[in-house]
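What follows is a single structure, written as structure tokens, with notes after it.
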Amino acid sequence: MSLYKSMLLFGAPGSGKGTQGAILGRIPGFYHCSCGDVFRSIDLHSDLGKVFYEYSSRGELVPDEVTVQMWAKVIHAHSVLSQYKPHVDLLILDGIPRTLRQAELMDEHIEVLKIVHLECDNEEEMFDRLRKRALKANRHDDADERVIRNRWKVYEEETAPVLDHYPSEKIISVNSLGSPAEILHDILEVVTPIQQEHFAAFSG
Ligand code: ADP
């Protein structure tokens with residue numbers, strides 16, 4: 001099986017990965033897949049749904065093997081349904097891989113062409129965004145201050161090291177405190193050439 005050509009949106013909770021991913025996903029030639037959205041779409045009464053609720057409500061990560069297996073099934077289903085066309089679309093991944101082990105497991109499925117690192121040095125600003133999101137999006141994992149702080153800690157301890165798994169020349173840093181339009185502009189500067197280089201043969 002050939003590897004899915006991918007770009008990773010990388011950053012702390014509240015850095016805007018989901019916002020940018022959703023915008024990019026509207027552009028033909030890009031397919032956005034958010035691991036958090038995939039988990040949230042699962043029936044909470046199913047076995048996997050219960051596992052997800054148990055971990056996410058504490059601000060913890062779902063175990064690696066379960067996560068990657070589930071992700072692989074879902075993306076395969078999307079390609080069977082022709083929502084995601086691997087020969088036409090650059091896959092924009094948001095929220096996976098989130099641990100070094102996940103990065104290793106994902107090497108079986110994806111070829112990472114670029115990583116956009118949405119960086120922010122202002123922790124309080126990020127917390128503020130998460131609190132606002134909790135009010136708007138009815139997210140149980142954003143509502144509690146302790147859970148928010150725990151997710152930040154998990155990010156620093158488990159997710160940030162994922163960057164070491166990839167060659168540094170693939171990683172591009174973008175300031176996540178800009179406006180959505182500014183950030184989108186910076187990301188497009190990076191991903192447009194990649195999309196053209198790898199998928200030009202299939203475009204219009
Ligand atoms: P955020 O956008 O704040 O980073 P997500 O929507 O990506 O949050 O994820 C919400 C929750 O779903 C996480 O706190 C975690 O419990 C679970 N989750 C999402 N992606 C993964 C992953 N790659 N590995 C393990 N757990 C995950």
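All residue numbers here begin at 1 and follow the chain in the order shown.
Just so you know, glycine gets a Cβ as well, placed from its N, Cα and C.
Values in this document were obtained by computation on a predicted structure and should not be read as measured data.
Of the listed candidates (Arg58, Arg101, Arg133), TrEMBL assigns Arg133 to the same ATP site as Gly14, Ser15, Gly16, Lys17, Gly18, Thr19, Gly178. By the criterion of other Cβ atoms within 10 Å of the residue's own Cβ, the least surrounded of the binding-site residues Gly14, Gly18 is Gly18.
Distance from the CA of Arg133 (ATP binding site) to the CA of Glu60 (AMP binding site) is 18 Å. Between the farthest pair of Cα atoms in the ATP binding residues (Gly14, Ser15, Gly16, Lys17, Gly18, Thr19, Arg133, Gly178), the distance is 17 Å.
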